[in-house]
Amino acid sequence: MNKYVVSTILVMISTFFSRIMGFVKIKIFSYYFGANLDADIFNYVFNIPNNLRKILSEGAMTSAFLPEFTHEKNKSHEKAVSFFRTVITFNIISIGLIVLVMIIFAKPIMYFISYYRGENLIFASSVFGYLVLYILLISLSSIFVSVLNSYKIFFIPSFSPIMLSFGIILSIFLFYGRFGIYSAVIGVIFGGFLQFLIPFANCLMIGFAWKPTFYFREKVFLNFLTRWLRMIFGFSISIITQQISFALASTLEIGSVSILSNAVVYYQLPVGIFYISIATVIFPKMAEHAVLGNNIKLNALLVDGIKILLLIFIPVSFLMFIWSDYILNLFLMGGKFSIYDTQKTASVLKCFLLGLLFYSMFGFFQKYYFSIRDAKTPFYLSVLFSILDIAISVFGINYYGLNALALAQSISFMICVIVFYFIILKRGVKIDLIEILFVLLKSIITLFPLYAIYFFFEKFQWDVGFSFKNLYFLMAAGIVSIFVLFICYSVLGINKLFRYIRRDAL
């Protein structure tokens, strides 16, 4: 089997376990804290550093870092190490200062970006002052992970996010009785440290030991910095958009922020297992082809990526849509998280799932442009997405409540993907629309037997809340659905589902 296919499958496996741990974390958090005001404030505040990491670490920074690092690595190992050390040094100084400022001015920051006042503002500011420490840990971790990915080491670094969920779960079990909601805060910091430690140790093993290096005037670093600053604007817009969504949710009934946050976690399951796994493996290869000027292979990767996203996300989003009530009934409801909270979460999740395919394709198109060192086009599309998302959310929230926020995202991603498609065509990339539509048709055909399986299992007597009977039913339905899906792909002539990178593109 092709080594890139193997790498993708390994990343999918580790990401799957990471998401399962995330579900366990959400289940335990919801069981102990429910959808009350404290849980709302924690979820709202944690969403801020969790989003900031997209521009200060995992999103913008790694997208700017990896192409430059690949370029230096092709020159020599010494140049790659020098560039790596310079970026780490810059990270510690710059992001360390940002975190310090956030801690000092936690209260005015929370006053400005939230609707919380009085005691709720004091509580939110206190939680924020601790949680921002996570940004520094994850920003350093993301650089180490990028280095490992560049050397085709995917499995171990993709396993490290499990540590965050593990830290939160362990901390709640140990400290809930004494510290209440702050037990989750302790867990974020502890889990973030473990998440940093794993890729750090692996980088040491391949000869990337850090020591302070201040080559800030080197051309390669200035190129990285310029590209990163440009990308920050694009990622910042999407982050501000999501933060506005959470702010709008906080104006609705108590529990809305927690419901929205939980829906996002379950929505991110297929994103993490499939899209992020594919992008983790394919992006370094895209960057390599772009550096070498091999546009034919680069374009082949783009086209094959589109096909595999269609083949995966159409049936997966459909399965999650029809089974969402049963999944959340099993894994989320219980303790302080009521039937009403679970039903509301399922409703929001379904609205998110309508745009899952477009979300993944939007991110994939962004990766393509980052690989060719074009940060402007993704920025303009991010601006368009934000304008659409905010406008639809503000208009729709009075009519559709919390569901409007998820629908706004789905509609906005769909429009932006269509615009992205025509921009890519103008760049001269050849995309056979008939071939893509043929793959789309095959994916849609698989939905009929999948719904038949759902119709069969729906007739069973399901319990309310968690039970092993529900678990067995859901596992059986999942196994049968996956088996039937692969049979369908085989019958339809798609025998190599994960071979999205053609041999001629490698």
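Please read every residue number as a count from 1 along the shown chain.
Every residue gets a Cβ built from N, Cα and C, even glycine.
Here's what Swiss-Prot has on this protein:
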- 4-24: transmembrane segment (TRANSMEM)
- 86-106: transmembrane segment (TRANSMEM)
- 127-147: transmembrane segment (TRANSMEM)
- 153-173: transmembrane segment (TRANSMEM)
- 232-252: transmembrane segment (TRANSMEM)
- 263-283: transmembrane segment (TRANSMEM)
- 308-328: transmembrane segment (TRANSMEM)
- 345-365: transmembrane segment (TRANSMEM)
- 377-397: transmembrane segment (TRANSMEM)
- 405-425: transmembrane segment (TRANSMEM)
- 436-456: transmembrane segment (TRANSMEM)
- 474-494: transmembrane segment (TRANSMEM)
With a cut-off of 8 Å between Cβ atoms, can you find at least three pairs linking the transmembrane segment (436-456) to the transmembrane segment (308-328)? Only pairs 6 or more residues apart in sequence count. yes
If you count Cβ pairs under 8 Å, which stretch among 86-106, 377-397, 474-494 touches the transmembrane segment (127-147) the most? 86-106
What residues elsewhere in the chain lie close to the transmembrane segment (263-283), defined as a C-beta under 8 angstroms and at least 6 residues from its ends? 4, 7-8, 11-12, 15-16, 18-19, 22-23, 26, 63, 66, 149, 154, 158, 301, 305, 308-309, 312-313, 316-317, 320, 324, 327-328, 332, 345, 348-349, 352-353, 356, 359-360, 363-364, 367, 370-371, 406, 500-501
Given the transmembrane segment (377-397), its same-chain partners at Cβ distance under 8 Å and 6+ residues beyond its ends are 230-231, 233-235, 237-238, 240-241, 244-245, 248, 252, 362, 365-366, 369-370, 404-405, 407-409, 411-413, 415-416, 419-420, 423
Report, as numbers and ranges, which residues of the same chain sit near the transmembrane segment (308-328): CB under 8 Å and 6 or more residues beyond its ends. 266, 269-270, 274-275, 278, 342-343, 345-346, 349-350, 353-354, 356-357, 360-361, 364, 436, 439-440, 442-444, 446-447, 450-451, 454, 462, 470, 473-474, 477, 481, 485, 489, 494, 497-498, 500
Tertiary contacts of the transmembrane segment (153-173) (same chain, 6+ residues out, Cβ under 8 Å): 7, 10-11, 13-15, 17-18, 21-22, 24-25, 28-29, 32, 141, 144-145, 183-184, 186-195, 197-199, 202, 206, 277, 280-281
